[in-house]
Amino acid sequence: MVGEGPYLISDLDQRGRRRSFAERYDPSLKTMIPVRPCARLAPNPVDDAGLLSFATFSWLTPVMVKGYRQRLTVDTLPPLSTYDSSDTNAKRFRVLWDEEVARVGPEKASLSHVVWKFQRTRVLMDIVANILCIIMAAIGPTVLIHQILQQTERTSGKVWVGIGLCIALFATEFTKVFFWALAWAINYRTAIRLKVALSTLVFENLVSFKTLTHISVGEVLNILSSDSYSLFEAALFCPLPATIPILMVFCAAYAFFILGPTALIGISVYVIFIPVQMFMAKLNSAFRRSAILVTDKRVQTMNEFLTCIRLIKMYAWEKSFTNTIQDIRRRERKLLEKAGFVQSGNSALAPIVSTIAIVLTLSCHILLRRKLTAPVAFSVIAMFNVMKFSIAILPFSIKAMAEANVSLRRMKKILIDKSPPSYITQPEDPDTVLLLANATLTWEHEASRKSTPKKLQNQKRHLCKKQRSEAYSERSPPAKGATGPEEQSDSLKSVLHSISFVVRKGKILGICGNVGSGKSSLLAALLGQMQLQKGVVAVNGTLAYVSQQAWIFHGNVRENILFGEKYDHQRYQHTVRVCGLQKDLSNLPYGDLTEIGERGLNLSGGQRQRISLARAVYSDRQLYLLDDPLSAVDAHVGKHVFEECIKKTLRGKTVVLVTHQLQFLESCDEVILLEDGEICEKGTHKELMEERGRYAKLIHNLRGLQFKDPEHLYNAAMVEAFKESPAEREEDAGIIVLAPGNEKDEGKESETGSEFVDTKVPEHQLIQTESPQEGTVTWKTYHTYIKASGGYLLSLFTVFLFLLMIGSAAFSNWWLGLWLDKGSRMTCGPQGNRTMCEVGAVLADIGQHVYQWVYTASMVFMLVFGVTKGFVFTKTTLMASSSLHDTVFDKILKSPMSFFDTTPTGRLMNRFSKDMDELDVRLPFHAENFLQQFFMVVFILVILAAVFPAVLLVVASLAVGFFILLRIFHRGVQELKKVENVSRSPWFTHITSSMQGLGIIHAYGKKESCITYHLLYFNCALRWFALRMDVLMNILTFTVALLVTLSFSSISTSSKGLSLSYIIQLSGLLQVCVRTGTETQAKFTSVELLREYISTCVPECTHPLKVGTCPKDWPSRGEITFRDYQMRYRDNTPLVLDSLNLNIQSGQTVGIVGRTGSGKSSLGMALFRLVEPASGTIFIDEVDICILSLEDLRTKLTVIPQDPVLFVGTVRYNLDPFESHTDEMLWQVLERTFMRDTIMKLPEKLQAEVTENGENFSVGERQLLCVARALLRNSKIILLDEATASMDSKTDTLVQNTIKDAFKGCTVLTIAHRLNTVLNCDHVLVMENGKVIEFDKPEVLAEKPDSAFAMLLAAEVRL
């Protein structure tokens, strides 16, 4: 490979000796060999290429032919070259960046300087190739065309001299093409390496943080997609302007030589316009910077919308989110329009400036009555057209440089923001696993605080984000002794105060406390996620962590449990059994190879939590940090997991168990009670009970809650539970959870359950794959875009403006030829001696003013058409992208939940980030250049055909080769683009998943390299075609030059000059036109991918609705009736609710119980019509809910979800997004949910910021805010889906009482695992396998010893 070898991490070998020049540049030097017949068979053919193969992209020919013959996939492409891999390049870039930081410090470190060092040798080689190319490009149009035209004027001229000049012209053009291709060959690999190096480095830096406090997922997606591509384009285009000074000096000198001082007028036009372009680029950069900030916000909001879509639908908040996103999009569009106007002006400058320079130069020359001949005039035109290159490349280069500058600044912020040094130390005693001595910790670290403006410090101090942990442990309800923010000094706000305890090897430490008391923060402190202010935190041994909200990534169950570990059959089976997953896995369609949706969407909360626990158990670590892992499972499963997993399997391991289920603390070796971030009590369970302090009171409260109702209600269950033998009890308890017909196989379960899976497992069971066929550009794609841009008339008008602008430039040159011909005839006359007169001289007395005014007017018209074109084109393209954005968003918004279960969020985010960036910025840029170049090619061919009709025969013969090449190229490049598009979505999914699970993983595999090498092939394919096109055009140039030479006086010299000046442009212009056309079509792939959603997304409400079927005050009572109701999540999947016939009276409170996966949450989805019934229906107050609009239905119901959801915004926005309630009402509900004191402590009160995922509040506090949100809705029917699972018993009781009081007279459905939350219900509904097996009053069911409810109750009593 020509250029520097960024294959080596340093100049030293493994022994520390400096590598020789030959060793360092060995791969590059081998590529300099013209032909390498005996090259080694490298995995990637580019590594075996010699100079000719490398420069002409011949190494790619087999791939192009294969793409023509068959469909390309990731597997059929050659593997990535090791020299282009992300690993190799990122390591080298890391070394250079570290050196820069060490030299000048992180703040002064220049990322652009490191980028230059990373690729400077390659860039210099590229510039050398470009200079050679530009010299050849200048010699042909200036020297040779002038000589050829002069030769045609000499009647005594020798033919062989003319032919020799034509051959020389062909040779210079061919050499130009070769060096141009070589420059791009170097460029593409340079750009690829820079892109992968920085993308990988940024990603590695992000995952090195244990928690992200400074960047959102939306910003990460934007940086790793749009910003990394900006760097790719910068590496391609930024070296090109280095050739401009050489080109300008060469052309200026020759123009002065043949034209005289007036040539300086044209040169000065170019010189003046270059700083104008620089200014416009700066302006464009400023608008782009502002737009990127708004784009980040839109992508972040979209990510939040897609992540929380279930709750948004259940609350009917679609309008609120639609308004938010549309408002952001409107702001983004305004900024993009401003950037688009500037960019469009820059793109139009190239043809405009060359026309202005030509017209002004020749007009002034004539006004000064200087001699002007056709050879001189058209040599000057040809020369100025070559100089047009300097203006033509500047928009690309300046745009790329400006965007790269913005991108580098954003990336630098990430690279210099180092993860704070670990405060974790090793305890001196090897038997001590955990040691905290007077440890005080905070979530904010000193560096970030110092860099924060003073006026924001107070707010930032309280709004620091965290990952899956509880912040603000001081804000527990009731908040005794907590100091408000206004009472804080400049010192950092501590969250954990003076924590001291020791845990020995093999012990179980139980941690309890109220919501927000600091339990999760304590685990975060042990993980090193917080900031130590004073004291010591010592940890010994390897860690496993189970977060409070389970993190599940897209894959199958087994992959989630193994998490990259080797599969050990015995260990795996044991882990599955002790985590109570055997039954769940046997019920899944493909066992443990069943595909899981993103974030575990197709699993219940309990299943997600136990898979997360199984991951920890299988990892076989020394220390286990378990954050409330049993809150989401029923009593029987909870007891099994605690006994079999925590007490037995983890025996000998050290376990720190945070729990709200206090009954498990009795089995812990030591218990810590936290309050306000401090250890309130500490000791064994027995010691703490004897002290009769807060802990003892909590335990007594728990027992009181269980037995405060009439004792006979539970005595029967207790007697039944204890009169049987242990074995019988286990068997009976097990019967509850076995599916019908499975009892006889129960004894075999440990054996047969070991596989959990059929031998044939479909590759994609749940998540629909993005087929390579998706994104194929058809006429429908263009039709969709044209309709979105305002229709066919507006589109035709826009294209017509391009025609007028380019036509004005062509007309000016044609008019000049006409003028020169007229002057020639007037001067020489029919009788004149042609050898004695000034051929083509334009005299002052032949009506020059008419010709001159028309000639000048053509320039003015071109300016007018150019400005109008830029305005209309920018408006039209942004209208199209905004219309498509809104249409796709609306379609996705109205899609059913099954769509979101089967479509990865990463794929949807790809559409709204990368694809929208393509539509907003890159498609207009490439389309505008393509249309300009296309009409230039058309006018050139028309003029050539008019001057030399015979050239059409040559064009026809060359067209055959052109179409063969085009067919191979088009098929091949389309296949490559599809592979690139399809491979991009998993990368987005991977980024999103990694950012969400950052508290659990600190490093994850990278897929960037695989996407990047598809990009390399795609771009190399463009150059493969371009080179071969240029060779064909050179043959055409040679033919036209011969015709000019051999035609002598049969055609006027001005016509010959006009045809030669144009044909010399066609050589490079046609291939650029085809390339930009292909790029434009490739960008239209994004339109097609969006069109797929527009055409295929089916709205969730497919039933015809009757207008006015919803009574005004409905529902007035809240009676719910299920009639023969059946439901399945998707077609061809098993029923999850089967033949439900159920009547719930108005005002009743119904507790819904059953083991994990029994259908409890599905009942809620049916009620909200998140899934339409397979058969049967549901009546509420005798109204069939299936004939109501979804908005009417869902606004009348309220849900408090299992996983608390808060949105980015303010506290007020989260409670009341439509602002339909007063502040007083909001404070009232906060008071009733014990959150008033917490919110009052925040500087902005109700307007206080809520960060991404609500992570500046603890999980319990988030749930309390969700309860407050529900209280505001004032519904007659309330669904509590495990609503208090994340709360301690005391807060749970308070909230339950609040709910009971606030929703008096309402129908309340409570889904719960902890039976104490349903004991006071009017009725209990027991679910199993999607069926109702019991529905009665709790006392009635408890008195039946064989009832399923009694057995569940007995299992909990035994705990």
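FYI, residue positions are counted from 1 along the chain as it appears here.
A Cβ is built for glycine as well, from the same backbone N, Cα and C atoms used for every other residue.
What Swiss-Prot says about this protein:
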| type | residues | note |
| --- | --- | --- |
| TRANSMEM | 125-145 | transmembrane segment |
| TRANSMEM | 159-179 | transmembrane segment |
| TRANSMEM | 231-251 | transmembrane segment |
| TRANSMEM | 256-276 | transmembrane segment |
| TRANSMEM | 348-368 | transmembrane segment |
| TRANSMEM | 376-396 | transmembrane segment |
| REGION | 446-491 | region 'Disordered' |
| COMPBIAS | 451-466 | compositional bias 'Basic residues' |
| DOMAIN | 467-701 | domain 'ABC transporter 1' |
| TRANSMEM | 791-811 | transmembrane segment |
| DOMAIN | 795-1082 | domain 'ABC transmembrane type-1 2' |
| TRANSMEM | 853-873 | transmembrane segment |
| TRANSMEM | 934-954 | transmembrane segment |
| TRANSMEM | 1031-1051 | transmembrane segment |
| DOMAIN | 1120-1354 | domain 'ABC transporter 2' |
| BINDING | G1154, R1155, T1156, G1157, S1158, G1159, K1160, S1161 | ATP 2 binding site |
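125-145 is the stretch from 125-145, 231-251, 934-954 with the greatest number of Cβ pairs below 8 Å to the transmembrane segment (159-179). Here the Cβ of S1161 (ATP 2 binding site) has 22 other Cβ atoms within 10 Å, regardless of which shown protein chain they belong to.
Sequence-distant neighbours of S1158 (ATP 2 binding site) (same chain, six or more apart, CB under 8 Å from its CB) are M1327, E1328, N1329, G1330, listed in sequence order. Sequence-distant contacts of the transmembrane segment (348-368) (same chain, six or more residues past either end, CB-CB distance under 8 Å): 259-260, 262-263, 265-267, 269-270, 273, 276-277, 377, 380-381, 384-385, 387-388, 391-392, 394-395, 805-806, 808-809, 812-813, 816, 842, 848, 852, 855-856, 858-859, 862-863, 866-867, 869-870, 932, 936.
Within the chain carrying the transmembrane segment (256-276), a Cβ under 8 angstroms from the stretch's Cβ atoms is held by residues 146, 244, 248, 349, 353, 356-358, 360-361, 364-365, 368, 370, 376, 379-380, 384, 387, 390-391, 394, all 6 or more beyond its ends. DSSP assigns S1158 (ATP 2 binding site) to coil, not to a helix or a strand. Per-stretch counts of Cβ pairs under 8 Å to the transmembrane segment (376-396) identify 231-251 as the leading one among 125-145, 231-251, 791-811.
The Cβ of K1160 (ATP 2 binding site) lies under 8 Å from the Cβ of I1152, V1153, G1154, I1311, M1327, each of which sits 6+ residues away along the same chain. Fewest Cβ neighbours within 10 Å among the binding-site residues G1154, R1155, G1159: this applies to G1159. Mean model confidence of the domain 'ABC transporter 1' (467-701) amounts to 77 (pLDDT, 0 to 100 scale).
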